[in-house]
Amino acid sequence: MKTFLILAMAVALAKAQSTDEITNLVQFGKLVMCLGNIGYTEGLEYDGYGCFCGKGGKGTPVDATDRCCEVHDNCYGQAVEEGKCWSVETYGTTYWYDQSTSGSCSIRCWEEGDYNSLVPRKACKAAICECDRKAAQCFADNRPTFNRKYLNYAKDTC
């Protein structure tokens, strides 16, 4: 069943332009599902939500959930500004994390020093994982603000 969910998410996220992008989006989706204690279908609903969730983002967030996506976009941008990542790799970077599900889910992203010395772009991997973890936790914390009327929101109205 787990394999099916991962495969289904990869297919659903096939808008991504490379295998690495799909892998990164699947990783992010797994964090969202774990920390939010939600299923695969609910996890996919964030794509295209409001003005900032999904590809692109502009205007003013429609609610706290959408604000999580704006903060996520800004976090990726900050990783680039700080020289940790190249802009072309933010959505294609795969990373490692530890997950504990005893009780409720908790995620600990690997820090730069946790990676083997031969692994390239460790600072980027650590930064992107932390951006994804924070966004997933933000989604979980703000799940009560999630409003179905903002699904597949017309971004040109933002």
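Backbone N, Cα and C atoms are what each Cβ position is placed from, and that goes for glycine too.
Counting every protein chain shown, 21 other Cβ atoms lie within 10 Å of the Cβ of HIS72 (active site). DSSP gives HIS72 (active site) a helix state. Summarising the annotation, Swiss-Prot assigns active site to HIS72 (among others).
Taken from Swiss-Prot, the feature active site applies to ASP132 (among others), supported by sequence analysis. With a cut-off of 8 Å between CB atoms and residues at least 6 apart in sequence, the same chain places GLN27, PHE28, LEU31, HIS72, TYR95, CYS109 near ASP132 (active site), listed in sequence order.
Annotation source Swiss-Prot lists Ca(2+) binding site at GLY54, GLY56, ASP73. Taking a C-beta cut-off of under 8 Å and a sequence gap of six or more, ASP73 (Ca(2+) binding site) has these contacts in its own chain: PHE52, GLY57.
Remark: CYS158 (disulfide bond) has GLY50, CYS51, GLY57, LYS58, GLY59, THR60 as non-local neighbours, by Cβ distance under 8 Å and separation of at least 6 in sequence. The disulfide bond annotation in Swiss-Prot covers CYS51-CYS158 (among others).
Look at CYS53 (disulfide bond): DSSP puts it in coil. Residues annotated as disulfide bond in Swiss-Prot: CYS53-CYS69 (among others).
Here Swiss-Prot flags CYS68-CYS138 (among others) as disulfide bond. Every protein chain considered, the tally of other Cβ atoms within 10 Å of the Cβ of CYS68 (disulfide bond) stands at 27.
The disulfide bond feature in Swiss-Prot is assigned to CYS75-CYS131 (among others); the stated evidence is similarity to another entry.
DSSP classifies CYS85 (disulfide bond) as coil under the three-state reduction. Long-range C-beta contacts of CYS85 (disulfide bond), restricted to its own chain and to partners at least six residues apart, with a cutoff below 8 Å, comprise TYR76, ALA79, THR93, ARG121, ALA123, CYS124, ALA127, ILE128. The disulfide bond annotation in Swiss-Prot covers CYS85-CYS124 (among others).
For CYS129 (disulfide bond), the same-chain residues lying six or more positions away in sequence with a CB closer than 8 A to its CB are GLN27, TYR95, TRP96, TYR97, CYS109, TRP110. Marked as disulfide bond by Swiss-Prot: CYS109-CYS129 (among others).
Annotated signal peptide per Swiss-Prot: 1-16, in sequence order.
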Distance [Cα-Cα, Å, rounded] between CYS75 (disulfide bond) and CYS138 (disulfide bond): 13
Among CYS53, GLY54, GLY56, CYS131, which are recorded as recorded positions, the nearest neighbour of CYS68 (disulfide bond) by Cα: CYS53
Position of peak Cβ density within 10 Å, selected from the disulfide-bonded residues CYS53, CYS124, CYS138: CYS53
